[in-house]
Amino acid sequence: MTQFLVLLIYGLSEGAILALAALGFVLIYKATGVINFAQGEFLLIGAYTFYTAFVIFQLPILIALLVGVVVAVVVGVLVERLILRPMVGQSHISIIMVTIGLAAVLSSIVQMFFGTQPRAMPNLFPTGSVEILNGSIPANRLWTLLVAAVVLTLLTVFFQKSKHGIAMRSVADDEQAAMTVGISVRRIFAMSWGLAAVSALIAGVLLADLTTVEMGIVNFGLLVFPVVILGGLDSVPGTIVGGLTIGLVTQFTAGYLDPGLAGVAPYIVLVLVLLVRPYGIFGEKRIERV
Amino acid sequence: MSAQTVTAGQRPGSPQAQSLLSVNNIEVIYDDVILVLRGLSLDVPEGKIVALLGSNGAGKSTTLKAVSGLLPSEQGEVSSGSIIFDGQDITKMDAAERVKQGLSLCMEGRHVFPHLTIAENLQAGAYTQRSSNEQLDFVYEFFPQLAAIRSRTAGFLSGGEQQMLAIGRALMARPKLLMLDEPSLGLAPLLVEETFETIARLNAETGLTVLVVEQNAKVALKVAHHGYIMEQGRIMLEESADALAENPDVKEFYLGMTADGQGKKSYRDVKHYKRRKRWL
Ligand SMILES: Nc1ncnc2c1ncn2[C@@H]1O[C@H](COP(=O)(O)OP(=O)(O)OP(=O)(O)O)[C@@H](O)[C@H]1O
Ligand SMILES: [Mg+2]
């Protein structure tokens, strides 16, 4: 029971981070149709930017976070403007190749400045542990879960209810019709990339707080693929459930079965789900009438 | 009924209806090679309903896309001529900016946002507006059927409901000029009548100016004040709607066609046409 509870919290906290990272991927895919292979690198850039502001320049945490957000938005919007926009109308494969290239460039830039040595960051959350049902749960895991849940909720509400969220979904549905109601498709594309980079920043910082600031963050970013395919690629609630599922599967496999198996477990689940529901758990069934 | 909301562009007391939209001798080219509009001109007077009629491929949708600024998204461009809207040259203006200026288009095939609810479609329609409540009340009042099912997903609505939604969504931007591309497309005859009654009512009650593209000439000419007939990228004939409806050529080709719905002939093939052409 105790082990179960610990694994549950570990799985949920990592799953929530994963959901944040994947949500950025889904935003870009939904609004612009681009499959962004550089999402993991956005996590990396986010973590290192925050590290630079918070540890190297010793800025207060909120200011450091603000710096991170600004850099994330600038990087996201520049990537859209300079790299993806000229690619409009090109084949999916060419665009995928471009984002793979972008991933390589971004991670080399980070490596150029910071090398490959992991860097320690002071704890962002209270350490200590909380006793629940005889189990002792590290407090920072609970904080991570809380912060991720708040950000995920804010993003979901933004997407479902706000004027710009509705505009983003309109563009995802029908670009030309969106233009006829006065939505600037280019601005929405830029906004999607900016938001994706911000959600990656938060995921990257939370992850770096649980582990260290290191290039390995990119590998964690790769897990967005099982998450989004599980969640159906274009569904926000699906992405959140997908992230939590993958987080839990990884932890429970490591805890109850074999830590070595934990790395492949997400992909095994992925294959099983795809066999049963090819459009993911929450994938929008395309509405064909109209 | 909040009449002012849609009639902001109207200048009360003007002696004669002025042109809200003038299209002056435009040429449109797709993909740098396909010349589709060859010197097309038309005028839409303020407060009137103007019908633009023509057979398949004449360039009617292209005309509306040129006016609403959608051509760049299809590799098309206005290569010469000018489009003046409300006294402003909008030939090169960005599509989103034209909506802000008061130009709304209901595209051919309705194009509601399928995964959004009715309410969200309408909210999207108000994207250019600071506040949307007043206009939302107006649209729901105008289309009570929509109000009753506002939380339904648009993709699952019937064709008639989608048409109402498409018009309602366009109204959310408080247009001065509403352009409709074949609103009758795919609708049952009764719904076609109803759609055009709606257009006539909007015009009568709020003074909204309308430019409507149609293949169904009969129903369009019934509500329009003025009509244009186009063929192969040019205007061939321009008259008051009543005169057009009585015009023997139009009767033979367009109104004849709509009776059985299957006209294969082109306007050019109509016998009388050669004789009249000299006068055009
Ligand atoms: N995006 C495009 N690229 C190239 N050619 C196009 C494009 N859109 C339209 N055309 C061509 O322009 C001509 C006019 O098309 P348009 O859609 O304007 O006609 P229409 O009068 O609206 O016809 P319909 O009644 O069938 O809707 C057609 O020959 C069509 O093939
Ligand atoms: Mg057409």
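A Cβ is built for glycine as well, from the same backbone N, Cα and C atoms used for every other residue.
Taken straight from TrEMBL:
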- A:7-29: transmembrane segment (TRANSMEM)
- A:49-79: transmembrane segment (TRANSMEM)
- A:91-114: transmembrane segment (TRANSMEM)
- A:142-159: transmembrane segment (TRANSMEM)
- A:188-207: transmembrane segment (TRANSMEM)
- A:213-233: transmembrane segment (TRANSMEM)
- A:240-257: transmembrane segment (TRANSMEM)
- A:263-282: transmembrane segment (TRANSMEM)
Among the ranges A:49-79, A:188-207, A:213-233, the one whose Cβ pairs under 8 Å to the transmembrane segment (A:263-282) are most numerous: A:213-233
Most Cβ pairs under 8 Å with the transmembrane segment (A:142-159), selected from A:7-29, A:91-114, A:188-207, A:213-233, A:240-257: A:7-29
Cβ contacts the transmembrane segment (A:240-257)/the transmembrane segment (A:49-79), at least three under 8 Å, sequence gap 6 or more: no
Same-chain residues at least 6 beyond the ends of the transmembrane segment (A:49-79) whose Cβ lies under 8 Å from its Cβ atoms: 38, 42, 102, 119, 121-122, 124, 190, 193-198, 200-201, 204-205, 208, 213
Long-range Cβ neighbours of the transmembrane segment (A:7-29) (under 8 Å; 6 or more residues past either end): 35-36, 39-40, 42-43, 137, 141-142, 144-145, 148-149, 151-152, 155, 159, 168, 192-193, 195-200, 202-204, 206-207, 210, 220-221, 223-224, 227-228, 231, 233-236, 239-240, 242-252, 254-256
Same-chain residues near the transmembrane segment (A:213-233), Cβ under 8 Å, at least 6 residues beyond its ends: 17-19, 21-22, 25-26, 29, 39-44, 47-48, 51, 103, 107, 110-111, 114, 116-121, 200, 204, 207, 239-243, 245-246, 266-267, 269-270, 273-274, 279-284
